[in-house]
Structures are given as C-alpha cells and as structure tokens.
C-alpha cells in the first residue's frame, strides 16, 4: 500500500473538484482557460485538505523510528532528542508502519509543487485572468492591455508589502539575508494575509452552520425564509430585466447607426453575438446593406465606448440569465415546502405533490424513495435529524473555539485537538489519527469554504449553483481558496501541536511545515500574530450568535432575514403573494394542457378516420384535374382546416378570473413593437421603491 493511498486520493479529489465546478460553472459557455484555471485552483486546495492527514500519520511513524534508533535497548528512557517524554523500548513496542505510509522524499516534493503552484495562481495568474475575463475588449491584445493596467496597482501593493518585510530583515543586525529567509518572508506575508481573512470567515461559519441546521428543523422556518428570498429575488429580477433592456436599447441604437461597411462593424457584430437569441432575432441587422455610412453627417460611437458597452452587455446578460434560473429554482423549493406543510397533517402517511417533477426520476430512487418513505422523512425524521446534527456541529464548534484560545499552552496541553492526537500517538493507532485529523480539518474547511460560497459582494462576486456563476466569480473563488487553505492547514497543525514552533520541541516536523521555513526570522509574527490573533474568533462567534452583522446590514438598507423585524414580515407576506400567483399560474397551465390532451384523445382519432373515409370515396376522375385546380382545392381545405383549428383553440382558451390583471402581461419583453423595449410590466409593482413605502 506504499503510496497507493496518496494516488487514490489524488484521483478522488480531482473528480470532487470537477463535480463542484460543474455545479457552479458552465463548461459549454465559459472560456476554457477560465475553467482550467479555476479547476486547478480548487483541485490544489482540496488536495492540501485531503493529503495532510496522511502527512501527519507518516510523520508520527518517522518520529517513532527516529526515537527507536536513538534509544538504547537496556534502558527504558530515550535520549534527549526528538521526544521530550519517555518512550517505550522498541523491542516491546515496535513501530508499526501505517497503511497509508508515504516513502521518504515524496511528500516534500509534493508539497512544494502544490504550494508554490497555488501561490502562483492566487497572486499572479488568477488576478490577471480575472481582469481579462471582465474586460470588454474585442481583441486579445486589448484585453491583455486592460488586464495589465488594472493589475498594476494590485501588484504594486504586493511589492510594497514585501519590500517592508525586506527592509525589516535588512535593518535587523542579528539577521543575515539569505535566499531561504527571503522565501520565508514571502510565505509569512501570504500566510499573514490569509490568516487575517481566515479568522473572520471561521468565526461566522462556526456559529452559522449549526444554527442553520437547527433553524431548518423548525416547522415553517424554511418556508418563511423562502418567501423572504422570493420577494428579494423578484426585486433583483426586475432590476436585472431593466438593466438588460437599457443595454439592449443601446445596442439597438449602435446597430442602426453603424452600417455594414463601417470600420467598427465587426465590434458591433461581436456585441450582438453576446445578446440573447430573442433580441438578435428582433433586431437583426436592422439596416439596409446597400446604404453606406457617411463620416461627415453622422456621429458614430468610438471604440472605447463600444468596449464599455460590450462589458455592460456581458454583465447584464449573465445577471438576467442567473436571476431567471434562480427564480425557477426558488419556485420549485417554495412549492415543495408548501407541500411538506400540507402533508404534515396527512392521515394516509403518503406524500402528495402539487406538481410533478419536470425531470423524470431514476427508477432506483423511485423504488426506495416512495411516497411513504418521503412522508416519514420530510414530516417526521428530517427535523429530528437536523436537530441532532446541529448539536453535534455545535460541540465541534465549541472544541474549535476552545482550542484556538489555548493551543499555545504546552504544559499542560489544553488544546483538545492536541490531546486526542497525542493519545492516539502513544498507541500508534494510525487509522484513528487519520480519521481524527481528516474530520477536524474537514470541519474547519467547511466552516471557511461555506462562508466563501455564501458571501456576496454587490453582485460582482456571487457563486450561484446550477451553472450560473460567471467567470469573474469563479476566478475570485479560486483566489480565495488558494489564499485561505495554506494558513488554515498551518493553523490546524498548530492546534494539534504538530508544528514544532508551537510545541517548542525538537521533533521532526511534518513535510508540510518543513516547506514553510523557520518563522524565527520574523519573531513578532511567529510569537505574536500567529498565536494571539486566532483568539479573536471568540468575539466573532459572539457577534455572529447575536446577529450583529445582520442587524448592521439592515440598518444600511441591505435587508436580511430576521424574525423579529417588521420589514422582514412585510417581505415575507410579499413573497407569499408572489408564490401564490405563480402557483395559480402553473395550475392553469397544467389544466389547459390536460384539457388539450383529453380533446386530442377523444376527438383526434375520429377526425382522422372521417378524413381517411372521405379520401377513399373521392371520385377517381378528380385525379385528372389540372394542377391549378388541385392546388386551389388544397388551398381551400387548408383554409378550412385552419379555421377549424382556430375554433378549437378558442374553445380551449383558459377562462381567466375577473381579478386577473398582472398575469396578462407576457414575460417576453420582445413582444412590444415599439422602438424602445418596454420593461417587464408585471414587475413594475415589485420595484425596489415599493418595499420601503411603509418605512
């Protein structure tokens, strides 16, 4: 099994990163370089999380071998060396090789490749690709130029920070500047920035994740929160449609002014390709190909303005598409949660859906997840399961907070992570060591990464599932992962006292900490910032528990879901009404489709039989008629059939209620024939101003 576990985890982590990227990204529409860059960043970060437990178990085995080699057989105590505590005699307690043992020399090379590749991605390549993807240039040269200009300040800041550390080391008379020390300074600067952000995200996730499961077990909580999301998403959806309309109006004007032989026509064609298909069909070229442009009597947009318009179109189309998909997903969630609320009082213990799933389910899932099992899970088991899971996660959070505040204490050892690992180290239970390390670092990663997936920065950074994340957000997430994962793992090794700078023992370090270098070059960071700054997680957890951040966002006008707030109640009621209208609309559509299906099944076959009999009894002499008469007869029958079909459609038209008004407007803004595209009419009442009328 030597090295086999490492190879299996490398393959498994690759497919895990590929699966998550497929869920959030769009392989068909997004650029290949964006997909490859994001996949590589996620893959390297996940590798660090999954491979680090193997490094810990291998290091413990190497420490045992080193202690056994330095111990004399007749004596029962070890020489002052790797272990400060007494070790048993090797003949009585031999060092067992772990099942996942990695041969010497592999892990240092592996960590160097993974770490420095991830650092190159996060500090150099991904920021450049981010600016390149957001650029509205029409050529590769133009996009590269824009990306370099945008990143000039970005890279200048890094050079300034690195220069400050460099001056500190150069001025200090007790330090001699060498290449290893320069490397350590760079690693310390990157880890310091990452640890600063890590504690902020960790303090939020340690409280919010257990609380989300506890609140999810409450009856009606998820449904109320879904109503709240529906009201906010409708406002965002209307805003996205208005922005798209404004962008398409500008494109229409540019398309009409710049003719086929204008030098900038290729730029306009590039912009048109980025527009939705329905807008392209509506506008077309919208010009006369035989009409030349006149430079003297017309005012044409510049290339710089077209670049700005191109960037605006890309952003507007992506945001509009994302809100449309999210709205449909939110509707399905709301309908399902309403079904759960209705089925809770069911006496038959059979889960009944209001609407059938549009996608056919797997037969295997249908067999086991039948209506009876679904009722017991959704109405009885799931709330209890969520409560138990919330309690377990809360215990993990308390352990993390306690260990973050006490991991610097070595005598006695107060960090619970260090206590558990040292107990397993005495018996060389490598399976337990790897499982404990993996669960601990996995929980820390979930708390940090889930916060990264949840945060949203003014629509510029937003990870949306169902392939709705844009290139800018994907690359930004890759940058965050590469910056957060190394300090996260270094912090975990400090919690378990596997880092010699924390345990203050002359023991063999892990291969991961060996590539970080000695932090004694920057003692104020190693002995100060790395130890005392993580204690701030206590303050952040308290602030998150009392929802101080949520209340501040509410005061600033960014509405958040709070049960004791009047604005939240108004938005919940508004969202409930929106869901009710959409539900009634879908019910009418399904009823209309059912009536059409019944009409075809009842009268479709009779009409085909009568037509077939009429053709059989037709006079054979009619076949000698001229082609003109044949065409005329066919035209008459076509008109008759069309008239009958129109009558049938009119009979099948759904009768709308008397109070029906908003649903008569169409979702497609292209049906307006005016020169200016009309904004979505039914969303005007849902504008952002209506939300704050009662304030």
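For all residues, glycine too, the Cβ spot is worked out from N, Cα and C.
Note that the coordinates shown come from a computational prediction; the quantities given were computed from them, not determined experimentally.
The coiled coil annotation in Swiss-Prot covers 227-262 (among others) and is backed by sequence analysis.
Taken from Swiss-Prot, the feature coiled coil covers 571-603 (among others).
If you look up Swiss-Prot, you'll see 588-624 marked as compositional bias 'Basic and acidic residues'.
Residues or ranges marked as N-linked glycosylation site in Swiss-Prot: 78.
According to Swiss-Prot, the phosphoserine annotation covers 633, on the basis of a large-scale study or a structure entry.
What Swiss-Prot records for 581-628 (among others) is region 'Disordered'.
Under the heading region 'Disordered', Swiss-Prot lists 662-682 (among others).
Sequence annotations record features per position, and here Swiss-Prot assigns topological domain 'Extracellular' to 1-5 (among others). Taken as a whole, the topological domain 'Extracellular' (1-5) shows an average pLDDT of 69 in this prediction.
Sequence annotations record features per position, and here Swiss-Prot assigns topological domain 'Extracellular' to 54-105 (among others) based on sequence analysis.
Residues annotated as topological domain 'Extracellular' in Swiss-Prot, with sequence analysis given as evidence: 172-186 (among others).
As a summary of secondary structure, the topological domain 'Extracellular' (409-432) carries 15 helix, 0 strand, 9 coil according to DSSP. According to Swiss-Prot, the topological domain 'Extracellular' annotation covers 409-432 (among others), on the basis of sequence analysis.
Sorting each residue of the topological domain 'Extracellular' (495-521) by its DSSP state yields 12 helix, 0 strand, 15 coil. For 495-521 (among others), the entry in Swiss-Prot reads topological domain 'Extracellular'.
Counting same-chain residues at least six beyond the ends of the transmembrane segment (6-21), those with a Cβ under 8 angstroms from any Cβ of the stretch are 35, 38-39, 42-43, 46-47, 50-51, 54, 100, 102, 106, 110, 474. Sequence annotations record features per position, and here Swiss-Prot assigns transmembrane segment to 6-21 (among others).
Summarising the annotation, Swiss-Prot assigns transmembrane segment to 33-53 (among others). Packing against the transmembrane segment (33-53) from elsewhere in the chain are residues 6, 9-10, 12-14, 16-18, 20-21, 25, 27, 110, 114-115, 117-118, 121-122, 125-126, 129, 133, 433-435, 437-438, 441-442, 445, 471, 474-475, 477-479, 481-482, 484-486, 489, 492-493, 510, 512: each is 6 or more residues past its ends and has a CB under 8 Å from a CB in it.
Swiss-Prot lists 106-126 (among others) with the feature transmembrane segment, giving sequence analysis as the kind of evidence.
Per Swiss-Prot, transmembrane segment is recorded for 151-171 (among others), and the stated evidence type is sequence analysis.
Where the transmembrane segment (522-542) meets the stretches 106-126, 187-207, 474-494, the count of C-beta pairs under 8 angstroms peaks at 187-207. Taking pairs at least six residues apart, the transmembrane segment (433-453) and the transmembrane segment (106-126) share fewer than three Cβ pairs below 8 Å and do not count as touching.
Within the chain carrying the transmembrane segment (187-207), a Cβ under 8 angstroms from the stretch's Cβ atoms is held by residues 119, 123, 161-162, 165, 397, 400-401, 444, 446-448, 450-452, 480, 483-484, 486-488, 490-491, 516-517, 519, 521-522, 525, 529-530, 533-534, 536-537, 539-541, 543-545, 549, all 6 or more beyond its ends. Within the same chain, residues 48, 52, 55-56, 58-59, 62-63, 66, 81-84, 107-108, 110-112, 115, 169, 175, 180-181, 183-185, 187-188, 191, 400, 403-404, 407-408, 410, 413, 415, 417-418, 421-422, 437, 440, 489, 530-531 sit at least 6 positions outside the topological domain 'Extracellular' (495-521) and bring their C-beta atoms closer than 8 Å to a C-beta of that stretch.
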